[in-house]
Amino acid sequence: MATASSVTSPQHSSCFSRFRRDPAANRETLLSFGLRSRHNQIRCESLRSSSESRVTRRGEAVVTAAKKRHQSPERCAAEGILIGGGEVEVAREVGTLIPERMKVVMLTACMMCLCNADRVVMSVAVVPLAEKLGWSSSFLGVVQSSFLWGYIFSSVIGGALVDRYGGKRVLAWGVALWSFATLLTPWAAAHSTVALLCVRAFFGLAEGVAMPSMTTLLSRWFPMDERASAVGISMAGFHMGNVVGLLLTPLMLSSIGISGPFILFASLGLLWVSTWASGVTNNPQDSPFITRSELRQIQAGKPVHHPTSSSKPNPSLRLLLSKLPTWAIIFANVTNNWGYFVLLSWMPVYFQTVFNVNLKQAAWFSALPWATMAVSGYFAGSASDFLIRTGHSVTSVRKIMQSIGFMGPGLSLLCLNYAKSPSCAAILMTVALSLSSFSQAGFLLNMQDIAPEYAGFLHGISNCAGTLAAIVSTIGTGYFVQWLGSFQAFLTVTAFLYFATTVFWILFATGERVF
């Protein structure tokens, strides 16, 4: 113990003596412990300040970009758009890819093209069939309307199925079934008139799911300020179906025979189904092909609402019909279908009987209005999206577009009564149909506005009423022509129906959510 004590004491004494010999160095050593801690603290605060500054600058850049692009800051943030050094910089993922939603809308446009082409084939083929079988004008109207007999029933059922199961599956079955009915049509015409009417009714039954599926699917795949353009592209395909059907059908009838155009369009429909089944999903978040940035962009541009369960039943019909905005949509659909199917079903017959042109010439005169309608429909959708992005309310935009879509055709049909040549009549019909395409950015989109969770069901109800109006107008045109010997009286009735519905729409339509 004595030894240990003797060793320890000199060590303590030595350390103390060194501390006393160089007090300045030892003071720096002791202070360095505290200074190092303070230095680290300052560095952390500097990094935090720098990070906050970068976040602030990025937020200001996104707001600036939003103002320049007429979009919401959330939308620009989702797209990854920044402003730096006075230039726009877009944050892109590796590689240049076509947006998945554009693939969806292009496939939808192709489907809508086939949908309408399959209808138009019969509108052209019915002329030689009527001559061969000796049908009167009134019975010709019955044959033309037989498509609508099935269409009226499938609209409501198809809309409810779309809300429950999504547009992909319902649309695939619909296209497959109506392509099969198209294939059977020439056989049915050769067999008996009753068989032809039954096949055409089945054809309409399958086609009734097309419109509800299209609007519901696009509302899920596109943000609010792109939705009208997406519908415009799809409906452009729909109207181009008129052009394709009106131009190809007379050529194939004269070269191949009655069965030629029906086989062609049925085959194209089955080919479309095989592509659709493997390339599209009901919702963008379920797609294995969509990029994260595109998904964020779609979700950022949608209105916020609480999604309902797929098992939740649709609202009662009484509840839907208790609201005036619902009736505004129903009356708009009635008027739109009334005028549309009169022109679709009777345009070739009109040019042939009033101006005595042959079937091929009538097809060319009839095709021109539908081609311009495809272009004007896309323009209407783009204009609608632009107005919404620049701050106009959805309600005012829907009212403006629908008013153009009804007032324009009404005035054009009144002027058509005074057309003296097929060229003048074609110009007036072109104006009428071109302006009527503005309805695509009106009542057709308004269903998603007032009832986003039940749009398919609401579309089915309004389309059911519209189909009933189309049946009455298609058959009524035949009886008017047979009784009065001209189209003038019915064109005047249709024009005033356009005017009356415009007034009702302006008074009671809304772009706000109701259900």
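One-based numbering along the chain as shown.
Glycine is no exception: its Cβ is also placed from the backbone N, Cα and C atoms.
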Stretch carrying transmembrane segment according to TrEMBL (options 103-124, 367-388): 367-388
Between 232-256, 457-481, I'd like to know which one TrEMBL lists as transmembrane segment. 457-481
Close approaches to the transmembrane segment (170-188) from elsewhere in its chain (Cβ under 8 angstroms; 6 or more beyond its ends): 111, 114-115, 118, 121-122, 158, 161-162, 195-196, 198-200, 202-203, 205-210, 213-214, 217, 258-259, 262-263, 265-270, 272-273, 276-277
Near the transmembrane segment (327-347), which same-chain residues lie under 8 Å Cβ to Cβ, leaving out any that are not at least 6 residues past its ends? 119-120, 123, 141, 144-145, 148, 242, 321, 362, 365-366, 369, 402, 405-406, 409, 413, 429, 432-433, 436, 439, 442-443, 446-447, 450, 458, 461-463, 465-470, 472-474, 477, 487, 490, 494, 497-498, 501, 504-505, 508-509
Near the transmembrane segment (139-163), which residues from the same chain, at least 6 beyond its ends, have a CB less than 8 A from one of its CBs? 119, 122-123, 126, 129-130, 170, 174, 193, 196-197, 200-209, 211-213, 216, 314, 341, 345-346, 349, 453-461, 463-464, 467-468, 470-471, 474-479
